[in-house]
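Here's what Swiss-Prot has on this protein:
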BINDING   SER31, ARG32, LEU58, ALA59, GLU77, ARG82, VAL160  NADP(+) binding site
Amino acid sequence: MRVLVGGGTGFIGTAVTQLLRGRGHEVKLVSRQPGPGRITWSELSESGLPLCDVVINLAGENILNPLRRWNETFQKEVLTSRLDTTHLLAKAITETAHPPQAWILVTGVAYYQPSLTKEYDEDSPGGNFDFFSNLVTKWEAAARLPGESTRQVVVRSGVVLGRGGGAISHMLLPFRLGLGGPIGSGRQFFPWIHIGDLAGILNYALEANHVQGVLNGVAPASTTTNAEFAQALGAALGRPAFIPVPSTVVRAVFGERAIMLLEGQKVVPRRTLATGYQYSFPELRAALKDVVA
């Protein structure tokens with residue numbers, strides 16, 4: 001298939017592109033910079049959607065970038081980097097004479113309200129209680145297409161675990177030094193997915209015509225607490241992981257974003273499993289062993 005990927009040059013996009021090309025799909029990227037096998041967002045806006053069978057959007061500024069202060073300017077970048085690119089792709093799909101077979105968007109489990117007791121599947125309510133849940137609601141609304149000529153899929157991703165990027169890249173040094181541990185109380189849930197499975201779900205969604213609607217992009221064993229995750233990462237590295245990161249430190253560094261680390265959701269991939277997708281890394285121990293190998 002001919003696949004157009006928005007934001008395909010980052011940590012997740014690189015893994016997705018590599019898998020798709022390995023499966024024999026022809027991939028073209030939409031990015032800010034021109035280059036071979038790419039079009040720019042401005043070219044997409046001016047010329048419309050190139051001929052393709054599937055469109056995937058992964059674009060979005062990294063919310064947890066520790067080098068950026070959580071101020072009004074950065075909040076606007078977080079919003080516009082997601083909403084504008086999604087609006088643009090959805091508009092291009094709507095206006096083209098040859099619409100793609102599928103349109104796939106990756107959002108986040110921040111849609112669901114943090115809780116120490118509730119369990120969320122794809123039909124659970126959410127999306128209207130803080131900046132991040134409202135962001136996901138607006139993001140998914142921006143992607144909706146009129147009619148049914150194009151199959152629409154939304155993957156709400158958990159924390160993505162993989163080599164060379166993502167959340168775990170910031171954790172490895174202190175954990176390797178034996179200075180790692182739970183964040184805050186450690187009781188909060190930590191919904192996770194191996195990057196190979198997130199890419200795998202996207203590939204499965206574009207190849208399997210019966211897949212549509214919302215899928216939770218988390219591992220079956222992602223009902224893990226932050227403390228359990230810290231212990232598992234320490235074990236994978238052969239290091240102790242008992243030194244907690246105080247919530248005051250997390251709030252000082254991340255501001256309002258700290259809620260994403262200090263609170264969590266128990267999310268299950270009920271509909272994802274029902275589609276028939278087979279996880280490569282359903283369990284945390286094997287996922288971390290692969291990541292730190």
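Using N, Cα and C of the backbone, Cβ positions are placed for all residues, glycine too.
Most buried of the binding-site residues ALA59, VAL160, judged by other Cβ atoms within 10 Å, is ALA59.
In three-state terms derived from DSSP, VAL160 (NADP(+) binding site) belongs to an extended strand segment. Long-range neighbours of ARG32 (NADP(+) binding site) (same chain, six or more residues apart, CB within less than 8 Å of its CB): THR40, TRP41. Looking at the residues that bind NADP(+) per the record, SER31, ARG32, LEU58, ALA59, GLU77, ARG82, VAL160, the two CA atoms farthest apart are separated by 23 Å.
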